[in-house]
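Student: Straight out of Swiss-Prot:
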BINDING   Asn7, Arg18, Gly192, Gly213, His214  3-amino-2-oxopropyl phosphate binding site
BINDING   Asp9, His10, Arg45, His50, Thr100  1-deoxy-D-xylulose 5-phosphate binding site
ACT_SITE  His43  active site, proton acceptor
ACT_SITE  Glu70  active site, proton acceptor
SITE      Glu151  site 'Transition state stabilizer'
ACT_SITE  His191  active site, proton donor
Amino acid sequence: MAKLGLNVDHVATVRQARGGMEPDPVTAAALGELAGAEGITIHLREDRRHIQDRDLEILRRTVKTKLNLEMAATQEMVRIALRTKPEQVTLVPEKRQELTTEGGLDVILNLKAITDAVKRLRDGGIVVSLFVDPDQEQIKAANKSGADYIEIHTGAYADAPDWPSQKRQLEEIDAAIKLASKVGMGVNAGHGINYVNIKPLAALGGIEEYNIGHSIMARAILVGMDRAVKDMVELIKYA
C-alpha cells in the first residue's frame, strides 16, 4: 500500500521568515507521524533557506518512521548524509534563484557525478532515489547510475490546466512507473500534489510513496496538522 512522506520544509520557511525558533519542523514531523505519515522528508539546501543543519541533526534522532533527505549531489551534502545516515537520500537539482525545485535531475548530462554520489551513499548503507521527470531516457540513465528508486516529478501533471492535459501527463507518469518497475527500481512521486489531484495519480498504482508538503501545510493552517495529514493518508489509502 502506498505511503505518505510528509515534507516539513514549509514549516521551516515560516520560522526563517522571522529568524526565530517557531514553528519548529521537528515538532511538525512528530505530529505528522502521530497522524499517520509513514516518512518525513526535508530538503537541506545549499543556501539553507529553510531547513537548517540543526533540524537534520534532531530529526535524525527523533523520526520514528523513515527520514528522507533531499539534497544536491555535492561533496558537502554527500559528506553530511554519510555522517547523519538518513534512511533515504533523494538527489534533486538546485538553483539558488528558484522558489522551489523546478524540474527533475538531468541524469543523462550529469551521469558520472550522480553515479559517483549514488555509489558513495549506497556504500554508506543509504537508500538512494533520484528526482526525475517522467522521461524514459532519464529513467534509463537513473537505472545506470545504480540508484534504488526514482521519484517522479509530478509538477507538469499538477500544473496541467484541464483534464485532457492532465490525462496526457498521467499517461507519461504511468509509462515511467512501468519502465522503472521493469528495470527493478522502486517508484516514489512528488511535487504539486494536493487533495484533488492525488486521486487520479494514486489510481495508477505502482507508486510506493508520495512526498507531499505544501498542500498539507496549507490545510494544516486552517484545520490543524492532525486533520490535514489524516485527510491525505485517507485519500492515498482509498484511491
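Each residue, glycine too, has its Cβ placed from N, Cα and C.
Quick one: where do these features end up spatially?
Tutor: For Asn7 (3-amino-2-oxopropyl phosphate binding site), the same-chain residues lying six or more positions away in sequence with a CB closer than 8 A to its CB are Ile40, Thr41, Ile42, His43, Gly190, Asn211, Ile212, Gly213, His214, Ile216.
Over all protein chains present, the Cβ of His10 (1-deoxy-D-xylulose 5-phosphate binding site) has 21 other Cβ atoms lying within 10 Å.
There are 23 other CB atoms within 10 A of the CB of His43 (active site, proton acceptor), with all protein chains counted.
For Glu70 (active site, proton acceptor), the Cβ neighbour count at a 10 Å cut-off comes to 26, with all displayed protein chains included.
Around the Cβ of Glu151 (site 'Transition state stabilizer'), a 10 Å sphere holds 32 further Cβ atoms from the protein chains shown.
Taking all protein chains in view, 25 other C-beta atoms sit within 10 angstroms of the C-beta of His191 (active site, proton donor). DSSP assigns His191 (active site, proton donor) to coil in the three-state reduction, placing it in neither a helix nor a strand.
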Student: Counting every protein chain present, what is the number of Cβ atoms, excluding its own, within 10 Å of the Cβ of Arg45 (1-deoxy-D-xylulose 5-phosphate binding site)?
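Tutor: Arg45 (1-deoxy-D-xylulose 5-phosphate binding site): 20 neighbouring Cβ atoms within 10 Å.
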Student: Please name the residue among the binding-site residues Arg18, His50, His214 whose C-beta has the most neighbouring C-beta atoms within 10 angstroms.
Tutor: His50
Student: Can you check what DSSP calls Asn7 (3-amino-2-oxopropyl phosphate binding site), collapsed to helix, strand or coil?
Tutor: strand
Student: Among the recorded positions listed here (Asp9, His10, Arg18, His50, His191), which has the Cα closest to the Cα of Glu70 (active site, proton acceptor)?
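Tutor: Answer for the nearest of the recorded positions: Asp9.
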Student: Quick check for the class: what is the C-alpha distance, in angstrom and rounded, between Arg45 (1-deoxy-D-xylulose 5-phosphate binding site) and His191 (active site, proton donor)?
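Tutor: Approximately 16 Å lies between the Cα of Arg45 (1-deoxy-D-xylulose 5-phosphate binding site) and that of His191 (active site, proton donor).
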